[in-house]
């Protein structure tokens, strides 16, 4: 058997035909590299470059996640099914220029579903500090009219943190695309994915918690084109392991490797070709990949986890194996719901038992899978089902005040500040307040406070007002806040007082004068006639 170097055999072929010579040549090359000055300089330069790149990545990651905030989205009573498409298509404008992405990085967003027995089901958005304040809130209000947002800074971890005497068992993993990222997921399944997720996390025990975390950042057309090219040849598997296996099989099987590669890539050759059914499947996959390549795209990673508390007190020690089994069952139920997205592509589980809790807490996004806007909207949206138990929902739809509503000034009564749209004062015209004005609301929302503010404003403006308070709390509050200069104008009638009550004589000549006597009598008789 000859062991001469043949360029057509490749490095793997030479290593298989003459392993001793290949190992010796590799050892000689390494010895020459580490003993020569030039080799040491090259190695030192390589180590320095790798260290600099690692430090730059760590600095960039810390800068992007600094001052992160958390936005809780309260689902409106009626959810537009196309709102998620509008939301993710709107935020694609956050894509930075090439130089900014290279130097400063591209910030990503987090869309999280969390379920706990104490807080119920919640939908939250994790927003890094690099994104301007208010931008995400306005995008949510535009995509889902009637949705309310509550911003919290700094952001809290998605899963509860361990406390003294209690440690937590976490089970879960990552969901990554099982085939080429250029092939699409299903976007037209009949069920609501969020409803299935929340239902899968129903009836949790005390202290239990589950979380589904979707991290996404916009990507450029270059990444999308690369994904589309990889999906064009759906029969050829890529990767280091697949390449090694393909070269080994080429050595073991007779014939020309170029002919086999051509036949594998095109599906037709001088030998065996693909049947008609397989050709139709590949054609359908190619058309689906071309359809996915249109429009904007996001790079995403889906993580899921379930957290179970375990008491560490010596008197009450829970079984770690039992808690781990419960957590694994909850996590598997979450991952199973993503099977509804299976089409030309599907989600495959990757368990990360060691770094899972840290990855979810830090919300770190490395290299993810490319998804189109419809695909991302399928897995990250507000639930359209209005009967989900435990879901935090918004109340009545809040609208921005119309331009004709006054902001204050003369002949107006201030009501407060608007909490939707542009923050501005809201007032009521005095002429409108003379008509039927009714204030409604449950206990504790501030009805008495609003009435007290309007009463004090009337008193300050010199307008007359009559306050009838059956309980007396409102009157007491108003009297304690009235300026002392208005004491002579106040007439207080207390039903429990033992003194003579104040009286009103509509026919008092000293007040109305003799000239207005006839008019006063006529008005008084008219009132009595209408009542009695």
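Cβ atoms are placed via backbone N, Cα and C, with glycine included.
The feature transmembrane segment, as given by TrEMBL for the ranges 39-59, 60-80, sits at 39-59.
Given the ranges 361-380, 381-400, 401-420, the record in TrEMBL names 401-420 as region 'Disordered'.
Looking at 232-254, 255-277, 278-300, the range annotated in TrEMBL as region 'Disordered' turns out to be 255-277. Counting same-chain residues at least six beyond the ends of the transmembrane segment (39-59), those with a Cβ under 8 angstroms from any Cβ of the stretch are 32-33. Across the domain 'Helicase HerA central' (420-496), the prediction's mean pLDDT works out to 84.
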